[in-house]
Amino acid sequence: MLTVIRRIFIIQTFIFITAEKIFHSRDHSDVLNNIHQAELITDTDTAQRFLSKYGFIKAAGSEESQLSESSGDLDFSLSLDLHEGGTTSGSSSSDLQFVSALRDFQRLSDLPVTGVFDDATKAAMNKPRCGVMDDDQELKDVTGSNSTRNHIRTSTNTSHNHEHQAPVRKKRHLSALLKNTSLQKRDVSKWTGHMAFSKSVLKWRLIGEGYSSQLSIQEQKYIFRLAFRMWSEISPLQFIEDLHSPLENIDIRLGFGTGRHLGCSQRFDGAGREFAHAWFLGDIHFDDDEHFTVPNTGSGISLLKVAVHEIGHVLGLPHIYRPGSIMQPSYLPQDAGFEIDWMDRKSIQRLYGVCTGRFSTVFDWIRKEQTPYGEVVVRFNTYFMRDGLYWLYENRNNRTRYGDPVAVQVGWHGLPSGGVDAYVHVWNRKTDAVYFFKGMQYWRYDSENDHVFSHAPDGRLYPRLISEDFPGVSGPLDTAYYDRRDAHIYFFKGSQVFRFDVRMRRLASSSPQEMTEVFPAIVSGDHPVRSLDAAYFSYTHNTVFLLKGSLFWRVLSGKERRRRAFLPMNGLLAHRRVHEQWFDICDVHSSSLRTTRRR
């Protein structure tokens, strides 16, 4: 009998020991079979649940709007969706409500509006999408009401002729909504719009208990840094990863989870549909059942694109039903080079304002390039510099290059890391020389090899004193530019202008002169007078711009003066704001300067 018992024990022990599951693949591909799959939308019942979940069907007597605006002590991070009980008015009313909601969904999804649950509608509902409820205002818009969305849809998506309008800052601080400071966040699934952070530097953290099981921690953090940087490049917001402050002091917390996760009131539904959701002014959660991938991966869901979308929600943006918008609710596969488009930029700037700031130097860099066919062409690009950073401005697109700013020492080899005071390109039939000025010194730049010259033609080393080679001029300068029309360099210092004749290598006989004399104001009293930040001859506009602070003055062109001969030579037109002419030249936090998109 004892022997039999021992045999049974051995068999049971063997069964227990061999029940351990073995994983063989380093890429965890053998785990995918255990991932929970989201419920498919297959019939009118599942379609009705979908429409209810995302706000197309409202529960009878629902008190959602009152809850979302409450100033009481409800803990929104822990509460369930609460609805006041009510009575139904019968199946016919329910059917009509379903058809109406279905038609709304079809309109917003650019489907034929039939009110019928057809295959196209089914496919649209089964697409991966954000878990944030669709904005009430968006749903009202489909019935024809006047709103912001109508403005967005009718506005042109080309950027060339846009004049920036003053931002409408409709802000309400959450301290007025929630008494408990640790609960100062809102669920964007009940987004009501026109609310924003009241500060411009925001802290974020990928929480330790919320790492993804599919990507390395380094990959996750790189993607989130890049996603935050993309919003920073188009708004006055700056983001910094904070690993040390108490968690309640972190503005935006990110994490991955499945099903019931991270103490959240919402459940994830598994792979295949809802990939993430966000809480206004607070948290972003990603469904770790989804197959998230790094940029430049052909399959799966781009974590970068999803992160940019969800950060948009946290910052205050609702879903936007417009082709090209990063805020569309459904995931649309895009190429690896997707960016935040013009209208999404304007949407975030309506909440936070536009980027402003003074520049130390602005110039067009001209150089010769050889085409693949062996032809030599002359090209130029516009650059803005300040505080040791530079932006390349794409005039044809009216925006900065994606991924800017960049540190000066990275892109302009050999220049002072803090930037420069002035740029001059002497370009005529006999001379093609680029100079940068800083303090009392100047450097000559080799545009062909993209670095400063180490030696002058006479063998002396660069940098050299400005006064040595530009007699009558000494640093530090405010700014300078070369005017091809009269072959003079215009040096600006205080209220004076020094005109330097490059052919004769000396100052013009009338120099120095007062800036108000050389560049008279067309509108009386409208003049920078002294201490310019930058003077810049633009080959795009074929004229000179003078910049000071947040303002600029355009110098009357020769063509304009020929049409209106009564106007003074070099007259300054009425000032305008820099951000009205050159859009989205925005700073990023110093910690994200090296975060660039990998190719």
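Cβ atoms here come from the backbone N, Cα and C positions, even for glycine.
Cβ neighbours of Cys130 (Zn(2+) binding site) (same chain, under 8 Å, six or more residues apart in sequence): Glu274, Phe275, Ala276, His277, Ala278, Val306, His309, Glu310, His313, His319, Pro329, Ser330, Tyr331. Annotated Zn(2+) binding site per Swiss-Prot: Cys130, His309, His313, His319, in sequence order.
For 474-522, the entry in Swiss-Prot reads repeat 'Hemopexin 3', with the evidence type sequence analysis.
Look at Swiss-Prot and you will find 529-585 tagged as repeat 'Hemopexin 4'. Counting residue by residue with DSSP, the repeat 'Hemopexin 4' (529-585) contains 10 helix, 19 strand, 28 coil.
Look at Swiss-Prot and you will find 1-20 tagged as signal peptide, backed by sequence analysis.
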- [ ] Pull the DSSP breakdown for the repeat 'Hemopexin 3' (474-522) and write it out as helix, strand, coil residue counts.
- [x] 4 helix, 22 strand, 23 coil
- [ ] Express the predicted model's confidence over the repeat 'Hemopexin 4' (529-585) as a mean pLDDT, rounded to an integer.
- [x] 94
